[in-house]
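Per TrEMBL, the features are:
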- 151: active site, proton donor/acceptor (ACT_SITE)
- 11, 388: Mg(2+) binding site (BINDING)
- 18, 211, 212, 213, 214, 215, 287, 288, 289, 335, 336, 337, 338, 339: ATP binding site (BINDING)
- 94: substrate binding site (BINDING)
- 183: site 'Transition state stabilizer' (SITE)
- 244: site 'Transition state stabilizer' (SITE)
Ligand code: ADP
């Protein structure tokens, strides 16, 4: 039986902080919201389970002020969902990088925070921002336990043949340069939920999860364990994404550095922020909804950006079917995977050799759990909306149960 707890889930970025309050025994979301533009002009958005919402400008000079504001609203007589802070049993933090050290979720202690600091170089955009979120909560709710759920942890079962790059081994030994894979929380939730939905034993199926959002990755999960993930040392590797390039021959970088007089920082900025479908569509858009609309109006660059995206996804699915020597479930999730009907159809059109066929009528469904393939097909094609917060809540519950057993 799942114990009754209220968990405050925090996803802290450099200038934003997303939060949700989840009740564990019912999986109910009591409230959720977003603090944006922290340290700039401060925007706060909030909605509680009764549909009462807030959208306001609030000065939040730092993350402490942001957490302070969200706590105040959670206790507010009109908008709040708790009467006292002590009702929050535990705070769960979404953490991006756990290196090789964290293969599962943990109770956050001083040792964990120190170990995380060691990974700041590995994830300079995300890790320090995650730590700031932890520190803010520690300051404002010092007596509330906190647990950390890492986006890399689920991928830690990848075997060495999948995670090592073909570069001198000493860089792995000295600096842990290797493929880590990301979106682990989503891949974990979706792969397991797909098995539940199909009434399968999770430990007996081979699943390929296509997390297709602004950031996009594909994950091969064999018998409940990750065997490969398209993202690498950083989230830049793999698929063509909204603004990220995905796989690129490193030789291109030297060539462009010389031709365009670009620095390393310029090159990284180009690969992370100006590439993907945005760059391919000649800066038309990184947003797939806009690209779809443009496609119907005959915008050639939007059409080819979408084609390149679909082609790359299909290639990765094929390679992961090979990596697992077969596949039972191919699952679409995240903004594009859950909603982009044409994209799903185009990707699946490459996969008939695997026995993939999808039902046109079922494929019109958006944003809900659905089996697209026909009953009895050799490969199930599914849409499973991701729910990272719920997965974090489950992980945090596990951590707290383990703590109880230890006591
Ligand atoms: P992230 O969490 O990485 O920011 P999301 O998972 O929210 O990304 O996905 C965002 C992407 O999903 C956007 O490109 C958006 O256009 C696309 N998307 C959302 N709804 C639809 C839709 N109905 N049709 C096509 N694309 C959609």
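Keep in mind that glycine also has a Cβ here, set from the backbone N, Cα and C atoms.
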Legend entry - Spatial separation of residue 183 (site 'Transition state stabilizer') from residue 212 (ATP binding site) - C-alpha basis, Å: 10
Inset, instruction - Between the Cα atoms of residue 244 (site 'Transition state stabilizer') and residue 18 (ATP binding site), find the distance and write it as a whole number of Å. - result: 23
Legend entry - Cα distance (Å, whole number) from residue 11 (Mg(2+) binding site) to residue 287 (ATP binding site): 23
Inset, instruction - Rounded to the nearest Å, what's the C-alpha distance separating residue 183 (site 'Transition state stabilizer') and residue 338 (ATP binding site)? Just drop the number here, would you? - result: 16
Inset, instruction - Could you tally the C-beta atoms, other than its own, that fall within 10 angstroms of the C-beta of residue 287 (ATP binding site)? - result: 15
Legend entry - Cβ under 6 Å from ligand 1: qualifying recorded positions of 151, 183, 336, 338, 388: 336
Inset, instruction - Between any two of 18, 211, 212, 213, 214, 215, 287, 288, 289, 335, 336, 337, 338, 339, the residues recorded as binding ATP, what is the biggest Cα to Cα distance in Å? - result: 23
Inset, instruction - Calculate the distance in Å between the alpha carbons (Cα) of residue 11 (Mg(2+) binding site) and residue 336 (ATP binding site), and round it to a whole number. - result: 22
Inset, instruction - Express the distance between the Cα positions of residue 289 (ATP binding site) and residue 388 (Mg(2+) binding site) as a whole number of Å. - result: 22
Legend entry - Residue among recorded positions 94, 244, 289 with least C-beta crowding, 10 angstrom cut-off: 289
Inset, instruction - Give me the non-local Cβ neighbours of residue 214 (ATP binding site): same chain, 6+ apart in sequence, Cβ-Cβ under 8 Å, ordered along the sequence. - result: 241, 242, 243, 286, 335
Inset, instruction - May I ask which of the recorded positions 94, 151, 388 is closest to residue 338 (ATP binding site) if we compare their C-alpha atoms? - result: 388
